[in-house]
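For reference, TrEMBL has these:
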type     : residues : note
DOMAIN   : 32-475   : domain 'Major facilitator superfamily (MFS) profile'
TRANSMEM : 33-55    : transmembrane segment
TRANSMEM : 75-98    : transmembrane segment
TRANSMEM : 105-128  : transmembrane segment
TRANSMEM : 134-152  : transmembrane segment
TRANSMEM : 164-182  : transmembrane segment
TRANSMEM : 188-209  : transmembrane segment
TRANSMEM : 271-293  : transmembrane segment
TRANSMEM : 305-327  : transmembrane segment
TRANSMEM : 334-354  : transmembrane segment
TRANSMEM : 382-408  : transmembrane segment
TRANSMEM : 420-437  : transmembrane segment
TRANSMEM : 452-471  : transmembrane segment
Amino acid sequence: MDQEDYEPLLDPDRHTRESPQNIYLKKVQNKNLYLATFAAVLGPLSFGFVLGYSSPAIADLKNADDPRLVLDKNAASWFGSIVTIGAAVGGVFGGWIVDRIGRKLSLMLCAVPFVLGFTLIISAQNVWMLFGGRFLNGLASGVTSLVVPVYISETSHSGVRGTLGSCVQLMVVTGILGSYIAGMILEWRWLAVFCSVPPIFMLILMCFMPETPRYLINQDKFSEALSALRFLRGPEADHEWEYRQIESSGDDQESSLRIAELRNPSIYKPFLIGIFLMVFQQFTGINAIMFYADTIFEEANFKNSSLASVIVGVIQVVFTAVAALIMDKAGRKVLLIISGITMAISATLFGVYFKITEIPVNNASRLLLPPTDLPPSPVDHLAWLALASMCLFITGFALGWGPIPWLVMSEIFPLRARGIASGVCVVTNWGCAFLVTKEFHDLMDYLTSYGTYWLFAGFCVLNVLFTVFYVPETKGKTLEQIERYFQQSQVPGTVGSFPNSVQ
Ligand code: BGC
């Protein structure tokens, strides 16, 4: 690494010492980078539509005109959860193709299972075709949730990487909300037609966007990498300077990861951080809480439960947007800590609500009943507590633990381990999502309902401790600096630190 590239220089205009990186960033124009990010995040938007689709579609399909398509309670639960299995498989597949055919092509390929999945649903003659369609949609979502964060972080620069990376989650929650709103107007087949539009746009727009410069350099396609940088940074920037920084990062001597290297702290440390971030995200209980949102709103006397889903969706979109806007100023760690504390408090309050109202264990299944079948509760006047806790919980999640695990996943792995390591993270995330949503009922029986929410609160406290002690702050650092941070931490007696010029 050419050390002087990171030494502060005298800024001729302001006579102050500035890092070459800051001087470089001043000349950068972000227009094309924003365009490339917009094209890529149509992927997460599609994946949000897939996640949100089940709620309005299940309501329609329970009373479908065609008896072959009617979903009973068990089939409805599979229709919702098979997406998580497809997405876990998509994580394995995505981790494999992203290093072989590249980030851009992998993303474009996702359009196929997205559209094919919805086509299968639209033309379904039996429930197996519905399940098949949902599985394909899940597969596409799994690949997308891996490829898009990587594409964005490898095309961005350190000044905006946090904000642009957070747009992944912003588009997921926008897609969920979009499905809920469209589902109030469209019946399930037309809703599926509507949901197929974003992946088609993504495919068309991505044709005009470049592959990431880092992937191209790793593939020895040097002139393509330079033109990708020229496109992304605009004509004024000294993109050859950035090219040299990436090229000399020291990671590209070996193009693929060997198993033996897993013993190397510069590999296993980020690997473990990524995996734990995903486990902790799911063990906050977010999906279980969102799943029962309708029932909780109904208990608080909100008669229109689809409106309840829309309210949850709006809270998520607004606070994820806030997180995206402040990500590069506040930093990842601070937001993760605030988010974890907010969720710990709200999950505890949730438990308090259940404890006070003392819904007996065998009655906890009240929560599993459709809202309209619920018997009146003697403690309805306390429903505001459940409602307030839930809104606070969703706000907390949106501010940190929603977007940041995906963002940090795309930042901390060395280039040649990025595909496989991100694949493992995606499988872990979706596997845990499946486990938590499927096991939630049993957990309520074993631990009582308040015990379950206090368990989630306990995990949120662990999230905070984990963040404080193990998650590095990546704000303002280039991917190459982050990589060197982990390399330094492998030398005995040294602690990884970021170069002074960017602190
Ligand atoms: C999580 C999903 C969750 C979604 C909700 C994502 O970051 O990985 O499991 O359903 O956020 O907003």
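Backbone N, Cα and C define each Cβ position, glycine as well.
For the transmembrane segment (382-408), the partner stretch with the highest count of Cβ pairs under 8 angstroms, out of 164-182, 305-327, 420-437, is 305-327.
Mean pLDDT for the domain 'Major facilitator superfamily (MFS) profile' (32-475) in this predicted model: 88. Of the Cβ pairs linking the transmembrane segment (105-128) with the transmembrane segment (33-55) and spaced 6 or more residues apart, 3 or more are under 8 Å, so the two regions touch.
Proximity of distant same-chain residues to the transmembrane segment (33-55), defined by a Cβ-Cβ separation under 8 Å and at least 6 residues beyond the stretch ends, is recorded for 79-80, 83, 107, 110, 114, 117, 134, 137-138, 140-141, 144-145, 147-148, 151-152, 155-157, 160, 164, 167-180, 183, 191-192, 195, 198-199, 201-202, 205-206, 208-210, 232-233, 306, 309, 313. Listed stretches 134-152, 188-209, 305-327, 420-437, 452-471 were compared with the transmembrane segment (271-293); the greatest number of C-beta pairs under 8 angstroms is found for 420-437. Across 134-152, 188-209, 305-327, 334-354, 452-471, stretch 305-327 shows the highest tally of CB pairs under 8 A with the transmembrane segment (164-182). If you look at the transmembrane segment (420-437) against the transmembrane segment (134-152), you find at least three C-beta pairs under 8 angstroms, all six or more positions apart, and that counts as contact.
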